[in-house]
Structures are given as structure tokens and as C-alpha cells.
Amino acid sequence: METLYAITVGTLTACSVFLILRGRSFPIVIGITMLSYAVNLFLFSTGRLVINEIPIVGASENTTDPLPQALVLTAIVIGFAMTAYSIILAVRVRGEIGSDEVNDYNYAEQEGQR
Amino acid sequence: MKLAAIVFLPFIGAILPLLLASRPRLHSTVSAAAITALSLVILMVAATGTFAGATPTYFLEWLPSLGLHIAFRLDGLALLFAGLILIIGLLVIVYAHYYLSSKDSAPRFFSCLLLFMGSMLGIVTADNLILMWFFWELTSISSFLLIGYWFHQSNARRGARMALAITGGGGLALLAGILLIGSIAGSYQLDVVLASGELIRNHDLYVPALILVLLGAFTKSAQFPFQFWLPHAMAAPTPVSAYLHSATMVKAGIFLMARLLPVLGGTPEWTTIVTLTGLATLLFGAYFALLKTDLKGLLAFSTISHLGLITMLLGLGSVGAVVAAMFHIINHAAFKAGLFMIAGIIDHETGSRDMRKLSGLRKALPFTMVLAVITSAAMAGIPLFNGFLSKEMFFAEAYDQQLFGGLSWFIPVLATLGAMLSVAYSVRFVHDVFFQEEATDLPKKPHEPPLMMRAPVIIFAFICIAVGLAPMFFTAELLTLAVSAVSQVTPQLDIAIWHGFNMPLLMSALALLGGIAIYIGRSELLTFSRQFDARDAKDIFARIVSATTRFCDEFTQYVENGSLQRYVAFLLVFTLILVVPELVSIMQLEGSRPQLPIDAISLIGAILLMLAALSTAMLHRQRLTSLMMLSVVGLIVSLSFVHFSAPDLAMTQLVVEVVSIILMILALFFMPQRIPRASSGRRVARDVLLAGSIGGIVGTLNYAILTRPFDSISNFFLANSVPGGGGTNVVNVILVDFRGFDTLGEIAVLAIAAAGIHKLLNNLRPFMPSSDVDGRPWHRVKHPLMVQTVAQALLPLALMVSAYIFLRGHNLPGGGFIAGLVTAAAMILQYIANGVDWVKHRFDYNYQTLTSVGVMIALFTGVGSWLFDHNFLTSSFTYVTWPLVGKFELATAILFDLGVYLTVIGATLMILANFGQMTTRHRPRQEGY
């Protein structure tokens with residue numbers, strides 16, 4: 001199970017990094033969002049994988065580690081704030097300069113890098 | 001305290017002339033002079049201790065972890081230099097008052113001069129090497145301001161830049177040298193360093209340290225081959241030249257060598273490098289001084305030459321040589337400051353400094369001529385003037401050394417040659433300018449300058465004669481102190497005009513005769529030197545500077561070419577470089593923790609998750625599809641939280657997922673509809689490689705963590721959750737109680753992000769297409785009836801659920817974050833179903849206020865515990881029994897959670913409602929239907 005989990009997190013990271021390396025703002029925002037999922041899964045797993053338990057005192061014999069969960073819970077909310085901010089920033093840039101390309105205007109590397 | 005006052009008074013006083021800028025110039029002059037005089041008086045008072053045989057010190061701990069302290073000492077060497085700096089400074093201030101024209105800003109001049117003076121005093125009195133270096137760099141900066149004082153002239157600007165580049169660069173080398181010395185000696189305090197000379201000289205790093213320190217000293221003191229900045233610094237006003245090039249700036253390098261002579265000196269490396277550099281500089285400077293046609297140029301090269309002489313003496317390093325060096329420092333300061341001032345007077349009175357134009361000024365400026373003759377005679381080393389004495393001692397030392405075995409004779413010979421040249425240019429200075437026929441084509445008709453402008457020169461001329469006649473009387477005490485500080489022994493001074501017929505006297509006579517002969521034959525010399533194309537150091541310097549700039553430009557262009565993609569790629573590659581070696585170095589990837597078996601649900605979930613992620617990446621050009629795939633990813637992530645025992649996370653993730661996808665669909669509306677071009681194959685290959693490596697690294701790390709046993713600090717939270725926080729849901733108790741302060745920060749961030757978005761949307765004129773990419777207009781029915789009905793029915797239900805989740809949060813999965821998100825989602829559904837206007841009509845509430853109220857509640861809940869004498873955010877709880885509900889826990893943490901709840905609702909709605917409004921407010925007109 002641990003192997004599967006690690007592979008999944010790695011795949012998620014790889015896909016989001018690929019998206020972040022694109023030249024348009026929308027895929028980048030999607031990439032950032034997905035990267036935050038990957039990071040949350042990673043951080044969450046520092047409490048190790050436990051099945052069929054619950055971090056509630058008295059509900060089960062050996063409770064899972066509640067600390068990573070508390071950290072990830074706020075991370076999810078903050079991640080939402082960041083996603084929202086970056087997407088609105090992208091919309092604003094599109095409104096200001098009429099393009100959603102993230103590279104500089106003068107950047108003239110003519111190899112269809114979008 | 002006195003010592004610190006001496007150094008810091010000029011710094012503090014530098015502001016006085018500026019404050020008096022609107023008053024007549026006399027006020028600034030007097031304020032600057034008064035500060036200098038005050039500093040001088042304090043120095044005199046402190047010097048009584050030095051003369052009594054002690055070394056006054058001042059110590060204030062500054063940054064002990066760096067070994068840096070504000071520490072000053074006033075030994076003989078420091079006293080000699082500090083006295084020169086202050087006395088000459090005072091005279092220069094008086095002189096400058098008359099020299100500066102009415103167009104020049106005197107306050108700025110005096111202010112910079114005082115800054116410079118303070119920095120110099122700092123160098124010479126510092127008792128800590130790093131502190132000394134600090135002042136050293138300050139002199140570079142303040143001399144930059146002084147040399148570039150006439151910043152409207154391009155040569156002043158260029159000269160200032162060059163001086164700064166050379167001396168500042170040397171300063172960096174010096175810093176490296178000092179750090180080496182400090183690490184060898186174990187301290188930067190001067191007494192420790194001076195005491196560990198033996199240790200340093202025998203250390204492996206001695207030679208690098210020596211070379212670095214000497215680089216600093218040679219650049220500052222304009223030693224060959226770094227001499228070229230000094231003539232260009234002559235673009236400064238003459239009082240500045242008189243100050244910088246007689247007693248201060250260029251003497252800082254000499255001071256440094258004298259200061260560190262007991263530590264670094266006496267070795268073959270020191271003797272060879274320093275002596276030969278000094279000798280080369282002596283000859284080079286003297287030769288070019290003879291060729292210069294500019295008065296100040298002549299003096300500049302003569303300064304270089306005399307600095308070479310002193311450097312050579314310090315290189316020889318014997319007690320007698322140190323005596324001669326210290327004595328010549330005094331003498332040179334006196335006659336050179338006077339000569340620069342005379343050059344300034346001539347320039348001021350005639351409007352020219354060109355010796356080809358100037359001649360026969362003896363009638364117009366008889367008094368100045370007398371002063372010029374006296375100071376030039378001192379410079380040439382003619383008997384009865386002070387320069388003669390130190391030059392005799394120099395000859396004696398040059399004659400006595402046996403440093404180069406069978407070839408040692410060349411040093412006295414070359415020294416005599418240098419002295420001949422020195423006589424020749426001194427004669428030239430006087431004879432060309434004041435004698436011969438009277439000049440007729442001068443820009444101004446010369447008159448004697450005001451007495452006060454001459455007064456400083458008179459004082460210098462007096463010193464030249466007085467020291468020349470009675471050297472022991474005037475200087476013996478100070479010299480003894482200075483030399484004993486450098487050589488660590490008390491010297492037996494015997495300075496006299498007449499020592500009988502000996503070798504030095506013969507050398508002096510030869511120099512005098514030879515010098516006059518060279519002067520008479522100077523036209524031959526000029527013709528000879530004209531064969532060599534004049535290669536100006538300025539051009540070489542400019543070429544080096546422009547080449548460096550070009551290289552830096554190209555490098556920056558390459559790295560920072562405006563492509564954000566490239567920057568991100570660089571960052572990621574750098575991350576790989578940092579992480580890969582660490583991963584390679586762990587012994588074994590797999591840890592000892594027993595692993596869970598794979599069950600079917602997990603396997604299917606993982607495969608779906610990976611497929612969805614890959615599709616998101618691969619279909620990124622079809623944005624809506626990609627977004628839908630992303631939502632699949634988010635959903636499966638929340639399912640995996642369920643599976644791996646994290647119900648709170650699953651709920652949060654689920655609602656956040658819904659809200660962010662809605663937000664992104666909204667944003668998609670404003671984004672270009674055209675499908676962007678595909679990336680080139682090369683770039684895709686690069687990105688896939690990079691992304692794959694990062695993913696692989698992250699997965700590996702995660703696997704390594706997952707398979708290792710661990711010892712969590714969570715046992716504390718588990719044990720104290722019920723007795724300390726009054727709740728059984730440990731995640732929630734951590735959020736609102738144990739780590740409540742973090743949560744407070746987090747909701748603050750959320751609120752700030754929402755406020756930022758609110759501001760970003762302000763005055764935004766987004767692109768809004770009136771149809772889809774194929775030209776089909778949007779549907780007429782904005783709010784379908786089915787959705788409207790269901791949404792309205794859902795709202796009370798959702799509110800009830802969120803209230804339930806909120807209340808039970810302390811004990812069962814739930815809490816403020818989740819409840820807030822559920823409420824926000826229900827509200828967003830109303831916006832989607834019914835439109836902004838509809839909601840506004842029924843629920844007209846300002847979300848900014850809601851957000852701030854939420855943060856405030858959370859904050860004041862924390863502050864409230866102060867009232868009960870507890871720490872910030874201490875919670876307390878009790879149990880009450882409600883009818884129907886039964887036993888219920890009442891905790892202050894629930895108030896805090898209420899703050900979280902309101903903030904989350906406010907911030908989320910602030911973002912989405914504001915953004916959604918954009919689509920309705922200026923909805924493009926629909927045509928067609």
C-alpha cells in the first residue's frame with residue numbers, strides 16, 4: 001500500500017510540475033492546485049497510513065496521528081485561498097494586457113513554446 | 001569614551017553644515033571647523049595618557065558572535081595619524097572656505113569632508129580589525145563623494161568612480177585578508193592579533209593573507225601597478241586633493257602596513273614584495289611627475305613617488321627604517337598639503353593650472369612664491385628643510401640593507417636616482433611657474449589671495465622650516481611613541497642636520513646636482529618620452545569596466561530573458577541538484593515499518609487518481625476537459641482521506657474542491673477561448689523529463705518516510721485533548737486550542753487573500769466573449785427553474801447541516817472550517833441558481849465586514865483569556881445540561897471556532913461573489929436569439 005501511495009503522490013507531483021511549466025496562466029493555475037493536492041497528501045502521510053481508525057479519543061483502540069491532519073486541514077483552506085488568488089491574478093493580467101501568456105512581451109524565442 | 005567621541009564627533013557633526021545650508025557660508029565653515037577643533041581638543045586630552053606611556057582604549061561589545069566590537073585604541077601610531085588628520089583637516093576647512101566659488105555648495109562639501117575625516121579617524125584608532133575595515137570602506141565611499149564633488153564634470157565623475165572601484169575592490173581583498181588573519185589568531189582584537197605575529201607568520205595561510213592585505217594597502221596608497229586612480233582623482237576640488245593626497249586617504253594604506261608590520265612583516269615575502277613595490281612606485285611616480293604639464297598632475301605623481309618611498313621603508317622594516325617612515329609621513333603631509341594649496345591658489349588666481357601657460361608669476365604672487373620655494377625645497381630634500389632629514393634617513397637605510405645579497409647595491413643607486421628626479425620636478429614646479437618671462441595669455445589677471453587663504457600654507461611652510469631646523473625638539477616624543485607602537489621597541493632617536501661626511505650626505509649631494517642637471521636637460525627627456533604612445537590608464541580601466549559590464553549584461557540576458565517558464569525550470573533544476581545527493585547518500589530506501597496490504601478499493605482509487613492526473617496534464621490545452629479531470633483528482637483525494645482515517649480532511653477537501661472548481665469555471669469564462677498552440681517537441685521533452693524527475697524524487701521521499709517507524713509528538717495531544725481542551729476530536733482541539741495561534745494566523749491569511757482578490761477585481765475590465773469559440777451565443781435562460789427550485793430548498797437544509805457540523809466539531813469530525821465551507825457552498829449555489837441581484841436583494845450583507853468580524857472574534861477570544869490572567873488563547877470549558885440535547889460542553893474554544901467559521905464564509909463568498917458579479921455587471925449584449 002505504501003508503494004502505491006508513494007507512486008500516486010509522485011505521479012500527481014510530476015503532472016502538476018509539467019503543468020506549471022506551461023506558458024499560459026490557466027494550465028499553471030491548474031498545476032498549482034494539483035500540486036497543493038499532492039503536497040497535502042504528502043504531508044498527511046507523514047502520520048503514516050492507517051486504515052479504519054479515527055483521530056477521536058475513545059473511539060478506537062489506537063488512534064491515528066492527529067497532528068498532520070490538523071496541519072493539512074488548514075493547508076487545504078490556505079491552498080484554496082492561493083488558488084483563488086492566482087486565478088484572479090491571471091484574469092486581471094488577461095484584462096490588463098490582453099493575453100494569458102506568462103512570459104515577458106519581449107521574450108522572442110521563436111520555437112512555439114506555449 | 002573620549003576615543004569614541006573623537007571618531008564619532010565628525011560623523012554627527014556632518015549634519016551641522018547641512019542644517020546651516022540656508023545661512024551664509026561662514027556658518028557652515030565655522031560649524032565644520034568647530035567640530036574638528038573639538039575633536040582635536042579631545043584628542044589632545046586623550047593623548048596625555050599616551051604620552052604618559054599608557055595606551056588609552058575604549059571597548060563596547062557590538063556583535064560578539066562575529067568577533068566585532070566597537071573598540072578604539074590610541075597608541076603612538078594612532079596618535080600620529082589622528083593628529084595629522086585633524087590638524088590638516090582644520091587647515092583644509094579654512095582654506096576651502098576661500099577656495100570654493102560662490103556657485104559651489106559649501107555645506108555639502110564640509111559635510112562630506114567631515115564624513116571622510118570621521119572615517120579616517122576610525123581607521124587609525126580602531127582596535128578591532130573588522131571595525132577598521134568598516135571605516136576603511138567608509139573612506140572609499142566618502143572620498144568618492146569628495147572626488148566627485150563637481151559632479152557636473154564628467155572627468156570628476158569618472159575619477160570618482162575609478163577611485164571607488166580600485167580602492168573599494170582593494171578593500172574587499174583586505175577584508176578577505178583580515179578574515180584569514182582573524183581566523184588564524186582567533187580574534188579580531190588588535191592586541192590579540194599583534195601578540196600572535198609568530199603564529200600567523202608560520203601559518204600555511206600566511207602568504208595568501210599577506211597578499212590580500214597588501215592588495216588592500218597598495219590600492220589605497222596608489223602603489224604600482226594600482227597608481228593610476230590617483231592622478232584621475234585630481235578632478236576633485238584642490239582642498240580635497242590637499243587633504244586626501246597629503247595626510248589621509250592614501251596614507252591609510254601606509255597606516256595599514258605600519259599597523260600590521262609587527263604581525264606580517266620581517267619575512268622574506270614581506271620584504272621582497274613591499275620593498276620592490278615601493279621602489280618601483282618611487283621611480284615611476286618621480287619620472288611621470290617630471291613629464292606632467294598640469295600642476296596638480298605633477299603633485300599627484302610626486303605623491304605617488306613619496307608614498308613609494310614610505311612603502312619601501314616599511315618593507316625594509318628595521319627600526320631605523322620605521323623611524324624614517326614615520327618621520328617622512330609627517331614631513332610629506334606638511335609640504336604636500338602646502339603645495340596642493342599653492343597649486344589651488346595659482347589656479348584660483350590665474351584660472352589655469354597648465355605649466356606651459358604659467359610663468360613669471362613672481363611679480364604678481366611674490367608671497368605665494370616664497371611659500372612655494374619653501375615647500376618645494378622640503379619636497380626636494382634640500383638641507384635645513386624637513387624633507388632633507390627624512391630623505392637622509394631614507395638614504396642611510398637604503399645603503400645599509402643587505403637584502404638582495406650581491407645585488408643589494410642597486411637599491412641605493414635607484415633610490416638616489418629617484419631623489420634626483422624628485423629634485424628635478426621640485427625645481428620645475430618653482431622655476432616654471434614663478435620665474436622666466438611673465439605670462440600674458442592667462443585667463444585671469446593674478447593677485448595675491450586673501451590672507452586667510454594663505455594662512456594654512458604659511459603654517460605648513462613654518463612646519464617645514466621648524467622641523468627642518470629642530471627636528472628633535474618638535475617631533476622626537478611623538479616619533480618615539482609611533483615607532484614603538486610599530487616596532488615594539490623604544491628607538492634611540494638621533495635626527496640631526498649634520499652627521500658628518502658620510503654616504504647619505506654624498507647621496508643627497510648627488511641627488512641635488514643630478515636633479516638640477518635633469519631639469520636643465522628636461523627638453524631632451526620630453527622628446528624621448530614622446531616616442532612612447534601615451535597610453536592612458538583611464539582608457540584601459542574604461543575598457544575593463546565595459547568588458548565586465550558587457551559580460552554581466554549577456555549573462556543576465558541569458559538567465560533572465562523574460563521567460564517565467566525558464567525561471568521555474570531553473571528553480572526546479574536547482575532543487576534537484578540539492579536533493580539528489582542527499583537521497584543518494586541514505587543507505588537504504590525502504591524502512592523497517594510493516595507495510596499495509598493493498599486492497600482492491602485503494603488500487604482502483606490510485607489508478608483512477610493517476611489517470612485523472614495524467615489526463616489533466618495531457619489535455620491541458622482543452623481547458624474544460626482538463627478542469628473536469630482536475631475535479632476527479634480532487635474528489636479521489638478526498639476519498640483517500642476517508643480511506644486513511646481522516647474524516648475532517650475528507651470533508652474539508654470535498655467542499656474546497658467544489659468551490660475551487662466553480663471558481664475556475666468562472667475564470668475560464670474570462671480566459672482566451674482559442675486553444676493555444678502546442679509546445680515544441682523539444683520543450684515538451686524537457687518539461688516531461690524535469691517533471692518526471694521531480695515526481696520521482698517526491699515519490700521516493702514519500703516512500704522512504706512511509707516505510708520508516710516514527711515517534712510522534714502527538715501523544716501529548718492525544719493525552720491532553722480531553723482533560724486540557726475538553727474535546728475528543730483531537731484534530732479540532734489542536735486547531736482551536738493547542739495550536740490556536742497558528743489557526744488565527746491562517747484565518748488572517750485567508751482574510752488577506754480575500755481582500756487582495758477584492759482589490760484585484762476592482763476596476764477590472766475583463767475580456768468577455770459574447771459567444772463561444774464557434775460563434776454560438778450564450779443561452780438566454782440564465783437561471784434554469786429546476787436549479788432555482790432545488791437550490792432554494794437546499795439552503796435551509798445546508799445551513800442546518802453546517803450548524804450541526806459546527807456544534808459537534810469539538811467532539812466528532814467537523815468544526816468551524818468545514819461548517820464555514822458548507823455554508824459558503826450553499827450560498828454559492830444560490831448565486832449560481834438565482835444570480836447576484838437576486839441574492840443581493842434578499843441577503844444584503846457586506847462580506848468584508850463578515851470576514852473582519854470573524855477574525856476579530858477569534859482574536860478577542862484569545863485576548864479574553866488575559867482578563868482571567870491566562871496566556872493568550874487559553875481556553876476553558878464547562879459542561880451544561882440542556883433540555884432535549886442533554887449534557888453539552890460549553891468551551892471558549894467554540895467562540896474561537898465561531899470566528900473561524902465566519903471568516904471562512906466571509907472570505908469564500910467575498911472571493912466568489914465578487915468574481916461572479918463581474919459576469920453579470922457588464923454582461924455582453926446577446927444577439928441573435
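Placement of Cβ uses the backbone N, Cα and C atoms for every residue, glycine included.
Heads up, TrEMBL stuff is auto-annotated, nobody curated it.
Features reported for this protein in TrEMBL:
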- B:6-22: transmembrane segment (TRANSMEM)
- B:34-59: transmembrane segment (TRANSMEM)
- B:65-110: domain 'NADH-Ubiquinone oxidoreductase (complex I) chain 5 N-terminal' (DOMAIN)
- B:79-100: transmembrane segment (TRANSMEM)
- B:107-124: transmembrane segment (TRANSMEM)
- B:126-403: domain 'NADH:quinone oxidoreductase/Mrp antiporter transmembrane' (DOMAIN)
- B:325-346: transmembrane segment (TRANSMEM)
- B:409-430: transmembrane segment (TRANSMEM)
- B:451-476: transmembrane segment (TRANSMEM)
- B:496-520: transmembrane segment (TRANSMEM)
- B:567-588: transmembrane segment (TRANSMEM)
- B:608-673: domain 'MrpA C-terminal/MbhD' (DOMAIN)
- B:683-770: domain 'MrpA C-terminal/MbhE' (DOMAIN)
- B:684-706: transmembrane segment (TRANSMEM)
- B:785-806: transmembrane segment (TRANSMEM)
- B:786-909: domain 'Na+/H+ antiporter MnhB subunit-related protein' (DOMAIN)
- B:845-868: transmembrane segment (TRANSMEM)
Contact set, same chain, for the transmembrane segment (B:496-520): CB under 8 Å, 6 or more residues outside the stretch: 290, 380-384, 388-389, 391-393, 395-396, 399, 412, 415-417, 419-424, 426-428, 431, 468-469, 471-472
Mean per-residue pLDDT computed across the domain 'MrpA C-terminal/MbhE' (B:683-770): 86
Contact call for the domain 'NADH:quinone oxidoreductase/Mrp antiporter transmembrane' (B:126-403) against the domain 'NADH-Ubiquinone oxidoreductase (complex I) chain 5 N-terminal' (B:65-110), three or more Cβ pairs under 8 Å: yes
Within the domain 'Na+/H+ antiporter MnhB subunit-related protein' (B:786-909), residues counted as helix, strand or coil by DSSP: 88 helix, 12 strand, 24 coil
Residues in the domain 'MrpA C-terminal/MbhE' (B:683-770) grouped by DSSP into helix, strand and remaining coil: 67 helix, 1 strand, 20 coil
Residue distribution over DSSP helix, strand and coil in the domain 'MrpA C-terminal/MbhD' (B:608-673): 56 helix, 0 strand, 10 coil
Residue distribution over DSSP helix, strand and coil in the domain 'NADH-Ubiquinone oxidoreductase (complex I) chain 5 N-terminal' (B:65-110): 31 helix, 6 strand, 9 coil
Stretch with greatest number of CB pairs under 8 Å, the transmembrane segment (B:107-124) reference, B:79-100, B:567-588, B:684-706, B:785-806 candidates: B:79-100
Per Cβ pairs under 8 Å, the stretch of B:79-100, B:567-588, B:785-806 packing most closely against the transmembrane segment (B:684-706): B:567-588
Positions whose Cβ lies under 8 angstroms from the transmembrane segment (B:567-588), at least six residues beyond its ends: 559-560, 686-687, 690, 693-694, 697, 700-701, 704
